[in-house]
Amino acid sequence: MNDQQAPPAAERQALIDLAAVRHNVRHLVHLVSPARVMAVVKADAYGHGAEQMARTALEAGASWLGVAHISEALALRGAGVSAPLLAWLHTVDSPFAEAVAANVDLGLSGWELERVVEAARELQIPARVHLKIDTGLGRNGCPPDQWEAFVGRALAYQEEGLLRVVGIFSHFSVADEPDRPETDEQLERFRTAVAVAEDAGVDHEVRHIANTPAALSRPDSHFDMVRVGLGLYGLSPFPGQAPAELGLRPAMTLKTSIANCKEVPAGQGVSYGLRYSTSEPTTLALVPLGYADGVPRVGTGGPVWVDGTVYPVVGRIAMDQMVIDLKTTGIAGTGKDLVGREAVLFGGVGMPSVDEWADAAGSINYEIITRISSRVERKYTDSEAATA
Ligand SMILES: *Cc1c(COP(=O)(O)O)cnc(C)c1O
């Protein structure tokens, strides 16, 4: 290898701007203060890289980390991340003992309590647990009518020195639709559950229920901590409201370069199923990203930025590639050779947005970023460092 050569550019990359993440974290920390921010870095930090995002969020003022699976928490501990860290979704096969040994806090809804206590007893290390109340979402969490008994069981184990009830928490169901009344109902049930626990003798450190939409729109839901995922990555949880309106900056840019470009006559069919056909002589450009890279197959019509122009994808999105028709914008000259030109599916200011891809695919921005596959290289940049 020649030392003088710059490393080859990634052919397909998700470029993540650490400065944008720091900005988002600082913004959220400021917004919810004195409540603390738990940076939710589950699912590889929504596709952004869990370890990098955990470190960046902590550096910018987040004080806790949250993940769904214990395995995700153990990976962070293995990477040397020592901040308070909560995992909340378990199965009978979850490595509870490893979690307790690694000082990972565990969110518990019911049956897990005895498993965790068993692990703590064996290790002679008290487990750190957060008790979850189902205030209306109907997924995990203890039903309200069993809450008092659940709290009582946990407190009995706490007296034995087998655990410490660190937190009480819940999760919203419709916080992204601020006009709906259910959020108020959930808050009311949460306050009641906290009061029941406190009356029983729970001396918690943190009460938490807010996700990104609640952190942004419901100050009365912040309690001691908010659990923020989407907002860290600079996306909006509210349909029709852009990140900039919320003071957020999208962190990820998904890009590649045009792999082929050719002139075709009218009537040229495009991609599997020939669902698109050119209406006049035009130029087709090939974008080498497809559903194996995490671009939804149903996302035909999604935007691709090339050379200052945004083109909709035409025809079916295939496993590895998709096509844009330069005539669809009405400004493409034939004979244009775009091979090698940067093609951006979504990014920051001036680029198409994750939300446009979500709309094209009938999905939400969360799903688009989370599903970018391992075939796309993650790269990190720091726009503040570059311009400092
Ligand atoms: C994923 C998740 C969050 C983060 O939600 P965002 O809307 O991305 O902020 C918070 N709490 C729980 C329990 C979650 O599963």
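The backbone N, Cα and C atoms fix where each Cβ goes, glycine too.
Values in this document were obtained by computation on a predicted structure and should not be read as measured data.
TrEMBL has this to say about the protein:
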type: ACT_SITE; residues: Lys42; note: active site, proton acceptor
type: MOD_RES; residues: Lys42; note: N6-(pyridoxal phosphate)lysine
type: BINDING; residues: Arg139, Met319; note: substrate binding site
type: DOMAIN; residues: 251-381; note: domain 'Alanine racemase C-terminal'
type: ACT_SITE; residues: Tyr272; note: active site, proton acceptor
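Structure coloured by features recorded in TrEMBL.
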residue : record                       : DSSP (3 states)
Lys42   : active site, proton acceptor : helix
Arg139  : substrate binding site       : coil
Tyr272  : active site, proton acceptor : helix
Met319  : substrate binding site       : coil
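Looking at Lys42 (active site, proton acceptor) and Met319 (substrate binding site), their Cα atoms lie 26 Å from each other. If you measure from the Cα atom of Tyr272 (active site, proton acceptor) to that of Arg139 (substrate binding site), you get 39 Å.
Other C-beta atoms found within 10 angstroms of the C-beta of Met319 (substrate binding site) number 11, with every protein chain shown included. Take the CB of Tyr272 (active site, proton acceptor) and look out to 10 A: across all protein chains shown you find 12 other CB atoms.
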